[in-house]
Amino acid sequence: MDNSKRTVVVTGFGPFGEHTVNASWVAVQELKKLGLGTEVDLQVYEVPVEYQTVQSLVPSLWKKYHPMLVVHVGVSGMATTVTLEKCGRNHGYKGLDNSSFCPDSQCCIVGGPDCIDSVIDMESVCKRVTASGLGVAVSVSKDAGRYLCDFTYYTSLYMSHGRSAFIHVPPLGKPYSGEDLGRALQAIVQEMLELLGNAKEQIHCQQHFH
């Protein structure tokens with residue numbers, strides 16, 4: 001692996017329920033085709049809709065790649081915009097997964113905080129992407145839904161001390177195509193990387209002055 005490159009991991013989910021083709025994985029595959037520029041090593045993964053797989057897979061991605069950022073993408077049947085989730089929540093997981101399993105504790109990490117915010121300013125990302133004239137509506141949310149999306153997000157935020165993001169996309173054709181969603185993901189992740197890069201530079205400058 002080229003150490004001069006920044007590594008970004010982006011995940012989508014596999015089929016579940018009525019979503020026999022999951023728009024999130026289609027969008028992530030479109031993003032992979034587009035890439036994030038020559039300086040970013042983009043790794044993509046399809047995540048099964050299973051709590052226990054998430055509990056082992058998410059930490060393994062952080063350990064394997066030591067990425068600058070991990071972005072999880074999920075589908076929401078209620079969404080009509082591409083939605084940036086601000087935080088993940090620890091409790092309230094009662095919905096059964098594809099294996100008809102649900103954690104006995106109904107939480108992600110026993111003893112973990114109730115809510116973990118992303119270090120990324122989602123409002124700022126939303127404004128920047130909207131101003132770029134992408135042609136895809138973007139919004140911000142504080143509730144990722146207490147199912148596998150929220151569970152994955154919280155687990156990743158906990159592992160990374162907040163250096164994760166979650167993006168909900170609408171089902172395909174309602175109203176956006178996979179290509180539209182891929183372009184939106186590219187623009188959003190590039191803005192996130194820019195914000196993280198700027199924050200890193202500010203910290204470096206502050207350390208330099210002290």
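Backbone N, Cα and C atoms are what each Cβ position is placed from, and that goes for glycine too.
Straight from TrEMBL, the features:
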ACT_SITE  GLU85  active site
ACT_SITE  CYS149  active site
If you draw a 10 Å sphere on the Cβ of CYS149 (active site), how many other Cβ atoms land inside? 25
Same-chain residues at least 6 apart in sequence whose Cβ lies under 8 Å from GLU85 (active site): SER118, MET122, VAL140, SER141, LYS142, ASP143, ALA144, CYS149, TYR153, ALA165, PHE166, ILE167, HIS168
